[in-house]
Every structure is written in C-alpha cells, then in structure tokens.
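Here the structure comes first, spelled out in structure tokens, and everything after it is commentary.
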C-alpha cells in the first residue's frame, strides 16, 4: 500500500495517518483502516426542486458558515425566520456531515448577496434535501440579508459521501465537496520521506480514491494543495518521470477539473471546472504537486530535521499557542513587538501570516484574544491582504488608527496547517482516567524490534510534560508526575526505555529533547516511578506590569530589629546575620502587579493541605518560590538578590465584569483569575532587594515570576521584567522598564542577563 495523507472535508478537518505512513516513519503498527459502508446518494422525488448548498462567510471554520443555496443559476441565502436545529440537521447532512451542532441567526457570518431563496423554513429533520422542507416557497421572502442564517456542522463526514452535481450545465461556481484528499507519493525517493512533499493529488469520492486530470491545472491550484498540507509554497518537478509512470498504469480519474485562484485556504473553497467526458483524461496525466516545506520541517544534510521549533522571523511571531503553528500574532514595529486588532481579520490575512512563518495556509483566523491577550501596543488594525504578500506587514491597514478603539481583548490569532510528521504515533498515555492524562510510554527500537516502554520519572518536570502534551495534540501540561499509579498500556510496556530527558519546552517531539542514549540511568526503575502527565486545552499566562515597577521604586533604611520576619524568610543579604539590632539595612522597595492574561486560572502546584502557615503574615503561603528579584551589573553579573520566598496568591483587582475568586484571608482558595491581577505592594515584607552592600553605579534590575516553571503557562517568555537603574549611594532612578522579549533583538542585547524566561541550563 502506498503512503498518503488524509483530510476530512468540506474544508479542512483533521489529520489521520494510514498504515502505509507508519511504515515510512520507520516502523509499522498493526492497524487497518476500517471498512466503510458504501454511501448511497438519496433519491429525490421528481417534483423536488434541484438545489446545491454551500457554506460561506468570514471568520469561520471549515464546517460552519452562512448557508447559501444555488437555484436557477443564482446563489442566494436562507432567512432565519422560524429556523430550527432540525433544518440545520437537513442542511449539514446534505453537505455530507454527520449532524448539525448549532445554528446562528442575524447574519453571524456576514450578509450574503442575491436572492433569499428560503424563508419560514419548517423541517422535521429527516428530509433528504432542504428543498423538501416546508417554506413560503422558493424565492418568496420578506427578509433582509441581515437575517441570513448560518449553521455549525460536526467535523465528522459521512463515510462514502459522494458529491453529485445535479446542476452541471448551469453552475460554474460550486464549491468542491469530497470526502478526503491526499498527496500520494509515487517515486521511490519520496515514499519514505516525512513529511510527504511530492506525489499525485487524489480525492476520495463515493468511497474510492481517484486522480485529478491535469487538464487546465495551474500553479495556483498547486499552491492551494500545498498550503492545505502545511507547506508555504510549491515548486516545479520532473514531468517526464511521471508521464512514464502514468503510461504504465491506468489511472482512475475524478469526474471534474478544479479552478483555484491561489488565495483559498482549502481546496473546498475552490470551484469546480468542467466535467470530464466518460471520466477520461485523453490529453493529460494525473495531477502532481511538489511542495516546499518550511525551515522547521525541512531536512538538512548534517543534522536531519530541526530538533526544536523556534520562531526566527524578524517581523512576525506567534505567542500563546498550545501546538506548533498556532498563536497570537505579534508584529515588530519601530523596534517593539505589538499585536494586531481583529477588525476585518480573516483567512486571507491569517494565511499570509502562516506562509510567512513557514507553515501552510490558515485553518482558522482567530479573534477576540482567544489565545490570550498580549501586552504593549496594538500595531495594526483593519488589515486587508490580497493573499499573495510575502509578509503581513506588506498588507494594507488603517495607519491613522493603529490601536484606536482596539484593546488587547481584540488581539488576532491564527491556527495554521502544518505538515503531518507522524510524531503522535511514537508516544501514548496509558492508564489515565481520561485521554488527557496517563503514564508516558514511547515507541523505540530495541534489538531490531519496536517496543513500547516507559520514561524514567527522575528529573521529570513541567517542561518535559509540555512537549508530551504538544506532541499528542492535547494542549498544555497541567501536571508533571515523577511517580504514577496508572495502569500500563500493555503487559510488556513496564521497562524503562528513555531516561535523562531534558527539554527546553519548545520541541515538537520528546525524542528531540536531550536524553540518555543507549546506556540508560534510572536508579529507581520504572513501574510507579515512571513519568506521567496530565494535559489541558488551556493554560494561564502571567505577565508583569513594568510601569508599576518603574513608578513605585524607592529606598528605605530599616533597622534590623524591624526585620525579624524577613530574616526568618531569608529575604535579606547574608551579611545581615552580623548586623546589630539597631543598625539599618538599605532596601530597594517596589510594587509588582502580576496579570493573568491567559485562558485559565493560575493555581498553586501544591494542594491546600500542604500550604504553610506564617505567623508573621497571618496567612497561608501556597508557593515557596514564586518570584526572583535580582540586581545585576551591566555585564549581567548578579550583585544582589531578593527572594520573596513565600507567596499568597489572590485577586487584588479584576477587569470590568470579572469577579474575584481567590483571597488569602480565612484560609481561602488561592490563585489568580483570568482577567485579574495580584498586586504586591512596596510596603509588605520581602517586597525588596537588600542593597546594603551595593556600591553606587549603573545596574540592571530584573524580576522573574514562576522562575522554576512549577506551574504550566502558555507563554514563559513574558515572565520577566527588566529595568535600567542608577544608584548614587543615596537615591535610585529606575527607567526603561519593559517585559523581556518585548523589544527587538538589538535592543534586548543591551540588557544582559536573561533575554526571556528560558534559563540557560535547560
């Protein structure tokens, strides 16, 4: 069997690898694609009007949109009057989906054009076509396009669904409706490559795979196909070899040709061309595409595939996404990173971003800060792209009002198509109470055979767990377990096959992390000491407010006898032990305001029964190491430090409309709610750095929150604030405070120390 990639349609759905693809990963799995019942197109009574349906509109997924109907040579819409889920069910099934999830009134997906073909629709849910439902009559309506109805269908397609164009002679703009599409490698040199970049383009229609005739096939069509499979561009290939191959075998052709403009994010957004006579391609051969992979997915002669994915684009980056190829869009302007407002944000603009970063077309254009809110300026608003720009910065936008009327609640994001690398097949979670948790088991080669085994739990941290959850497509890590009580996935899967794992947290696969080679080291062995994880679709994102730090800094000379609590908590310099009770310590004091801009609440790692009571502060502390305060020399050497070793986490204030959930008083629950912030005032214990022994001069002040990565976040790079400061022996000036990574690399280079919160030893 030859290798293939499969995608469920209409529009792009989900990746699934065939048995043959597993072989190309270097191993095979005893898996057979289930046989599907042959789909039988419904037979409609002769008096039923013949219509075609499609989903349209902006800011939508592949399986949702405004309902549009083609009748008598014209596309039109459906009015929302009397519309119900039963009508949505009929529409979704007519489009080849299993069922309807919901429907939306009042032109949620934008206003359509042309006639309103259906009004006051009454369906029972069992009809085979929308035309069989009761209505005012086709074309009889008193509605406006502000009442256009939309539907959301299930991702799952009807097996064997066959598109039947009953209006072939009258329609030239019908969207393509097929079960699946794939790139099937033909040449031996491409059959073992991952990802598959070259081969026949085939569609699955009526349960059978068919080639497409290259008659009238264009580079724009190839551009769309490559984008769907996660590739930013296409290239020419050796046509002579494929013509020789086609002559040796008799292809089975699809009934239609395809017309794409090159702007489409998916093949299903292209339109049908002419119909082939007798399903033959007399003057041509099967369509072949050859795609160019992005840098993160391209093999190199010396190192093979890149071990970790890093955004290296100078003008655009993604932040806050759970997997490679998704995130909040940030652009660099005037040396400072900022976000894009979601006004007019659509798939065209999102696709430009995705291709610019080395991915394919966009699966989704996200709005409303769905992947967390950014900080700093909003650089672009009302972005309009043609779809062929090299960078989103080349698109037109409203230059007069970059951020006018926009807040970070409107930050735009993207989800891009990425190549299927097969990483999910080399890892699994076993024994969990749900698919999001379990013992980590990896597939490795031992003595010429492929075996499942465990990962040593010693030294297992949140960073390794983050890679596991990303590799499995399960979001973010919520817990990393060094000791587990999960059942094994198989009787013989108890042996430790990987140890010494150390990840930076950005890798696409656990095998890309540093780990012991052939000689393992796991003193406690596997079993209950095997590594485990629990994953979550969302995560918090803590961000410090640099302006608060800059505006609240001052010096205080405080006598030692007033610092007993601080001394017990080790918040003073080591020389304080020799300081007489009446002698002062010089303290650099400041306030810090920690915002949760993520998608879920920030909660302490340890359970409340393990919180520590502090008599000095009269409340429980839930995290022993939550923040590091450091004073650095201009070359990055630490000259003083302040550890507010114990913290009580609570909601000090919240954005409008958000209620506080956490407070320290009365043994209350602790944490920071999404949209709230925890303020540590300058006048509380340990909210300082002891600079008694520091000489006058120029320094860098640095704050890092969640420094040990004890709690998973969607973005660790924004957990640091840096400031320039000048100390003359009596006064201190704090200036240029900013979040790490918020400026260009050239600017960050002038601030030694941590560029972001990625520590060097990992």
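Cβ atoms are placed via backbone N, Cα and C, with glycine included.
Among the features that Swiss-Prot reports, domain 'SRCR 1' is placed at 53-154, with the record citing sequence analysis. The DSSP breakdown of the domain 'SRCR 1' (53-154), given as helix, strand and coil counts, is 16 helix, 34 strand, 52 coil.
Marked as disulfide bond by Swiss-Prot: 92-153 (among others).
Around residue 123 (disulfide bond), the C-beta neighbours below 8 angstroms that are at least 6 residues distant in the chain are 84, 86, 87, 89, 90, 130, 133, 134. Look at Swiss-Prot and you will find 123-133 (among others) tagged as disulfide bond.
Annotated domain 'SRCR 2' per Swiss-Prot: 183-292, in sequence order, evidence recorded as sequence analysis.
What Swiss-Prot records for 213-281 (among others) is disulfide bond. Secondary structure at residue 213 (disulfide bond), taken from DSSP and collapsed to helix, strand or coil, is strand. A 10 Å cutoff on Cβ-Cβ distances gives residue 213 (disulfide bond) a total of 25 other Cβ atoms nearby, all chains included.
In sequence order, 218, 220, 221, 223, 224, 267, 270, 271 are the residues of the chain that are 6 or more apart from residue 260 (disulfide bond) and have a CB within less than 8 Å of its CB. According to Swiss-Prot, the feature disulfide bond maps to 260-270 (among others), an assignment based on sequence analysis.
Look at Swiss-Prot and you will find 278 (among others) tagged as N-linked glycosylation site, backed by sequence analysis.
Summarising the annotation, Swiss-Prot assigns domain 'SRCR 3' to 316-417.
Secondary structure at residue 416 (disulfide bond), as computed by DSSP, is strand. All protein chains included, residue 416 (disulfide bond) registers 29 other Cβ atoms within 10 Å of its own Cβ. Per Swiss-Prot, disulfide bond is recorded for 354-416 (among others).
Residue 385 (disulfide bond) falls outside any helix or strand according to DSSP and counts as coil. Look at Swiss-Prot and you will find 385-395 (among others) tagged as disulfide bond.
Here the domain 'SRCR 4' (427-536) has, by DSSP, the following mix of helix, strand and coil residues: 16 helix, 40 strand, 54 coil. The domain 'SRCR 4' annotation in Swiss-Prot covers 427-536, and the record cites sequence analysis as its basis.
Neighbour list (residue 447 (N-linked glycosylation site), Cβ cut-off 8 Å, at least 6 residues apart, same chain): empty. According to Swiss-Prot, the N-linked glycosylation site annotation covers 447 (among others), on the basis of sequence analysis.
Under the heading disulfide bond, Swiss-Prot lists 456-522 (among others), citing sequence analysis as support.
The disulfide bond annotation in Swiss-Prot covers 503-513 (among others) and rests on sequence analysis.
Per Swiss-Prot, region 'Lysyl-oxidase like' is recorded for 540-742, and the stated evidence type is similarity to another entry.
A helical conformation is recorded for residue 565 (disulfide bond) in the three-state DSSP classification. Look at Swiss-Prot and you will find 565-616 (among others) tagged as disulfide bond.
Counting other C-beta atoms within 10 Å of each candidate's C-beta, the disulfide-bonded residues 354, 385, 571, 676 are led by 354. Mapped onto DSSP classes, the domain 'SRCR 2' (183-292) shows 30 helix, 33 strand, 47 coil. Cα to Cα, residue 354 (disulfide bond) and residue 385 (disulfide bond) are separated by 13 Å. For the pair residue 654 (disulfide bond) and residue 737 (disulfide bond), the C-alpha distance works out to 23 angstrom. Around residue 522 (disulfide bond), a 10 Å sphere centred on its CB holds 20 further CB atoms from the protein chains shown. In this structure the C-alpha atoms belonging to residue 635 (N-linked glycosylation site) and residue 723 (disulfide bond) are separated by 14 Å. A distance of 61 Å separates the Cα atom of residue 213 (disulfide bond) from that of residue 737 (disulfide bond). In three-state terms derived from DSSP, residue 354 (disulfide bond) belongs to a helical segment. Counting only residues at least six positions away in the same chain, the Cβ atoms of 55, 63, 64, 88, 91, 92, 95, 97, 98, 99, 100, 101 sit under 8 Å from the Cβ of residue 153 (disulfide bond). Rounded to a whole value, the Cα-Cα separation of residue 416 (disulfide bond) and residue 395 (disulfide bond) is 18 Å.
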